Amino acid sequence: MKKRIIVVGNGMVGYKFCEKLRNRSTTVDIVVYGEEPRPAYDRVHLSSYFSGSTAEDLLMAPAEWYTDNNIVLHTGELVTEINRIDKTIRTHTGRSDKYDYLVLATGSSAFVPAIEGVERHGVFVYRTIEDLVQITEYAKKVKRGAVMGGGLLGLEAAKALLDLGLETHVVEFAPRLMPRQIDDAGSDILAGKLSQLGITIHTGKSTKKIEGNGKLEGLLFADDTKLDIEMLVISAGIRPRDELAKATLLNVHPRGGIVVDDYMRTTDESIFAIGEAAVHNNMVYGLVAPGYDMADIVARQVTGDSSKSFTGFDMSTKLKLIGVDVGSFGDPFCDATPHIPIVFKNKHKGTYKRINISEDGKYLLGGILIGDAGQYNILHQMVMNKMPLPENPETLIVGGGGKANDEAAGVKGLPDTAQICSCENITKGAIVEQVTSCGARTIDDLKKSTKACTGCGGCTPMVNDLLKITLESLGHTVKKTLCEHFNYTRQELYDIIKVKGIKSYDQLLNTHGAGDGCEVCKPAVASLLASIWNDVILKEDTIQDSNDRFLANIQRGGTYSVVPRIAGGEITPQKLSAIGRIAEKYNLYTKITGGQRIDMFGARVDQLPDIWEELIAEGFESGHAYGKSLRTIKSCVGSTWCRYGVQDSVSFAVFVEERYKGLRAPHKLKGAVSGCIRECAEAQSKDFGIIATEKGWNLYVCGNGGARPQHAKLLVADVDTDTCIKYIDRFLMFYIRTADPLTRTATWLNKMEGGLEYLYDVVVNDSLGIGEELERDMAALIANYHCEWKKVVEDPKLRAKFKHFINSEEEDATIQYVDMRGQKAPIDWNK
Amino acid sequence: MELHNEIKTFTPAAEAEVSIWFKAARVEDFPENGGACVKYKDMQIAVFNFTRRNEWYACQNLCPHKMQMVLSRGMIGSKDGEPKVACPFHKKTFSLKSGECLNAEECNIAVFPVKVEEGYVHIGFTR
């Protein structure tokens, strides 16, 4: 008889249980009841919802996954009753279902303290996607918000409010932030860092009353001080969802939670509890990794394997809170253990590091890292594996430099049994084996075969290091060469061209390549040459990509389109008339583009220089619409005219577009400047987007429209104009230097090891020490700017290249047009 | 004047069958390591100057993929030593020796022999 297992709750842990159980048995019936309207999603990365992830992106697995794996999922259905004698459950819709084993993965709800006024309009919790949607909506109407609770989740929520453009406060009852992870000294440093970013921290504050008249107006504290705010997000801890267990008389803990034994069994041996709903040894584990471990144990139990039990879990964490590294590992406080603390503090830089050494000086017991958690992984491993300490343990936290190398070396020293991915419990040995015996070659291969890096993502740097050193030990070089003609990566070619002063494609092919080149390496090298020297690209017209060869976009029928630059979308009536006159004269089809300028279509190749000569005479310049280069900086009307605008977005957009015009990059670049949080310029869909705040500008990077839209990520907030430009300079040059050919910034970031965190380190913290160099390179490119079309118009030799036949002045008679809504259009080509 | 836009117009010519050597243009009129379009009777011919190899190739100007007169504006290069051209529209590539499409299922293109005499580029046709 097939066993039927019912899972109550479709959160991260409930989902993981299904996955683990299905892996162990393809035959058991699995039925899941989830109260939320959508399948399980990633709550750990909930705040990424604010920086652009969609509910879809956050899903643990798409709805098809459940069908594909023969799992019945009922969403939006709350289990209200358990009948332990009949072994049935009943849902709020009246559905009844029979189980052999019941798994309670009901999770937790936000703990809302009983404070007067907590029911007021404008008070939220931070728990589900629905909560986030409500917070986002409400935040549009207000300016000042606070988070109650300075724990891990509370600070995440604070980041969310900051991202929503609110003046943000954090109120914590305890005398310090993150009281379960860090000590007072660490909290001071963290608070200092957070206030620099614009978050005001209030610790040791007990809230007496939430004041207001209908809607929320402020908080009144026990010391009779007040804080004026318009919205409040409560993140004061979690409360295990044990009401169902309680009603069916299972043993629950006095402080909440379903009591389980080492096998996650409740007092009814057919019923298990896992995740945040469970209490093991008086502990509720509010992290996902122990939840996954519990899921694994129950998956084993119901398939008859009792070899694994739950013995407590390491609660070490590392995270980036609003751009600040925080790590806490092993026993961070050692309150009850004799130990020797070593503390390193740099108030100016905002770093705090503490390690606790055993009394005999042999082992690391735990520690705290704030501001720079670069050594977290290796220190954590040292604690977990009881690795012997070096002679001078203080070198573990002081004396920086070469942190990546240190860490790679550290990974090498780990035993095979060392746990690398705590979410999925994957050891170093398992990862190495995938590479040595199963052919894994990339981080994606490893993600697929081991699921490492797919949970919290914290192990990604270590897995990367492991992959690299293992591949190297196998004699592989890890490399992405351009094509058969160049055995180099784009980045290597960039350096070669720059260092050796190479000025032409042929020179590079002669010295560093083979064969005759192709349509892959020619435009890639052309782009590199343009990015490095910003020279006249038509000097080498035949290596240019289709559009660059004739400085215009080739269109159906073989005609070209002409797009003059209209910086920021701002144009005078005179210039507008000039475009009209010229388009009429050459019988061009005209259309407004998505980038706030005007595109003229249907120009024959031989007409291009004449058209541009007239445009240039009217004061226009090339718009570089044909290039893998900066296109437009879109703008909204801004504070000049708009009654909502807080900064002059048009002037800034014009300035930015003029600054970077003609800049050649691995792919096209688009930007935008919005004058306020309403974001009319859609800056968050651009490679770099700037949104005005009352204090300055928020800079977003690596957004994308196109086939796979992606919201840009906030790089820095509330910076002044000069700082904003400085970071854009660095960001763009770093992209130009390191991206693969034809890779947009969004994909570049997606593939970047360390992701936004790493990019932030390079651009803002200048972790590679190349900040000034990047700025200098950019300054040189800007100084070298020229209008490509002006050069052509003025040079008879270049101009002569623009004709269809080499041996005749005739036009190409095969070009044919039809009439469409009063303008011309090319005839359709064959499908 | 009607220029033929039909693929069957292009009859490939092997050098031995050439009956007409058409004097197209001076060598220096052509771009280095690139192509240009030559008009011969009612046909458009793409002629490529492989300066690096000191070789010349010619083929129909029409890309059979979307029937566009553009191959002469394409990028030239090599694949395992075989000279080729990539159409600027969708980067279909064709061997300039055999006319074979190298990266898709497109039909082949017609290629023509080329010779350089007294500073002039000549293309060989059968008619």
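Cβ atoms here come from the backbone N, Cα and C positions, even for glycine.
What TrEMBL says about this protein:
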DOMAIN    A:4-278  domain 'FAD/NAD(P)-binding'
DOMAIN    A:316-386  domain 'NADH-rubredoxin oxidoreductase C-terminal'
DOMAIN    A:420-468  domain 'BFD-like [2Fe-2S]-binding'
DOMAIN    A:483-530  domain 'BFD-like [2Fe-2S]-binding'
DOMAIN    A:555-616  domain 'Nitrite/Sulfite reductase ferredoxin-like'
DOMAIN    A:627-752  domain 'Nitrite/sulphite reductase 4Fe-4S'
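When Cβ distances are compared across the two stretches, the domain 'Nitrite/sulphite reductase 4Fe-4S' (A:627-752) makes contact with the domain 'FAD/NAD(P)-binding' (A:4-278), since 3 or more pairs at least 6 residues apart fall below 8 angstroms.
Helix, strand and coil counts from DSSP across the domain 'BFD-like [2Fe-2S]-binding' (A:420-468) read 27 helix, 4 strand, 18 coil.
Across the domain 'NADH-rubredoxin oxidoreductase C-terminal' (A:316-386), the prediction's mean pLDDT works out to 86. With helix defined as DSSP H, G or I and strand as E or B, the domain 'NADH-rubredoxin oxidoreductase C-terminal' (A:316-386) counts 9 helix, 35 strand, 27 coil.
Note: the domain 'Nitrite/sulphite reductase 4Fe-4S' (A:627-752) comprises 43 helix, 33 strand, 50 coil (DSSP; helix = H, G, I, strand = E, B).
According to DSSP, the domain 'BFD-like [2Fe-2S]-binding' (A:483-530) comprises 29 helix, 3 strand, 16 coil.
Across the range of the domain 'Nitrite/Sulfite reductase ferredoxin-like' (A:555-616), the DSSP-based residue counts are 31 helix, 14 strand, 17 coil.
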